[in-house]
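This report concerns only the one structure given below.
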Amino acid sequence: MSLVDAPAFTASSTPIKSAILPAGAYVLSIASTPSYYAASASSPSNAIHVFDKARLQNVQTFPGHDSSITALRSVPNVANAVAHALLSSGKDGAVKVWDERSGSVALRMTASTAGKASGLLSCDVSADGLTIAAGTELQEDDASILYWDPRNPAAPLRVHSSTHSEDITALHFLRSAASPVPNTGNLLLSASSDGLVCTSNADEADEDEAGLHVGNWGCSIAQAGWLHDRSGRPAAWASSDMETFSVWTTELDRVQDADIRQPSVHRQDLTWVTDYLVGCHNASSPIGDADNDLCLFAGSNEGDVALITKQTYSDPNVPWILQRTWTTGHMGIVRAAMWDESNNILLTGGEDAKLNAWVAQQPGVISSPGKPKRGSEIDSMDVDEDVDVSARKRRRA
């Protein structure tokens, strides 16, 4: 298993803009709406900070959750009433849809068992905006996927408690890729620390009938999501707590299993060693000759970030490709990365409380000297001076 640098490999060491979260809170996750960027903060703040896209200034702060925020994402539609909404979940047992204009909660759904809040670890909204799903942490003997109709949010439509037996760490509805995928319905991908990756029909009330496919990885899964081939056909990826990485077919047959830390570059002119996976991104179109849209953002204990792709996952011998690195912007672990392709911006956030904005064109796009590579949006932020990175921290458990 090898890692090679792309022919158009580039490296950046200076963010074009930076912001600091109050009270030294970790940046846990980042989301983008058409109007702003949002970042969730760690405890004890548990707030959601809203940033102006042009200047990366904190223009608003949402109160967030009563305990740790576990997911924050931008969704295109909720109940055909809220467009481009922010959705969050927390260990306080709440799923919240936020009103951008007022900074208040437009919708709130609560998970509870026998009157006691069930901590939530993951959430998502279906493509049609009419189903919200959330996954709980293990409480006594149960970990459940709860489904709500956001038009009637007072109580869940149904609760599925046998899909997983431990913390449900990831939930993702399938959305259309470059080409529509027919006859998928509300297909939900779920992953858990029980080692299972599952797909379910979220429209099916009977849990025995809702389950479609199950893949058993045999290790605790921390993250998971979809990828697509050039025709839009879906597959799944997952990463474990031990920094291993896997790719699965639509039917959840495993086709790739690798230690994400093994592929590395060691040359006199270039060194990259991955310590952990920050997260993954579905590119608007596959990069270069790749047959898939999956982009991995890998991190180092020193606070650097790399974009890594693979031409195909069907052949384990095909090398990983180091497309780009962003270095010296953080001190310590990077918790979140969000690629705003429409504006050629990568946002990164870490345990140093810093939110950085970087230039991030899709690799391989060439432009004339002194001109933006993909539109003029990258000029919308002024360039800061180099960030002092004299102090470095090791990754925290």
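Just so it is clear, glycine is given a Cβ too, placed from its N, Cα and C backbone atoms.
Note that the coordinates shown come from a computational prediction; the quantities given were computed from them, not determined experimentally.
According to TrEMBL, the protein carries these features:
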type	residues	note
REPEAT	62-108	repeat 'WD'
REPEAT	327-358	repeat 'WD'
REGION	364-397	region 'Disordered'
COMPBIAS	379-388	compositional bias 'Acidic residues'
PLDDT averaged over the residues of the repeat 'WD' (327-358): 97
Three-state composition of the repeat 'WD' (327-358), taking helix and strand from DSSP: 3 helix, 18 strand, 11 coil
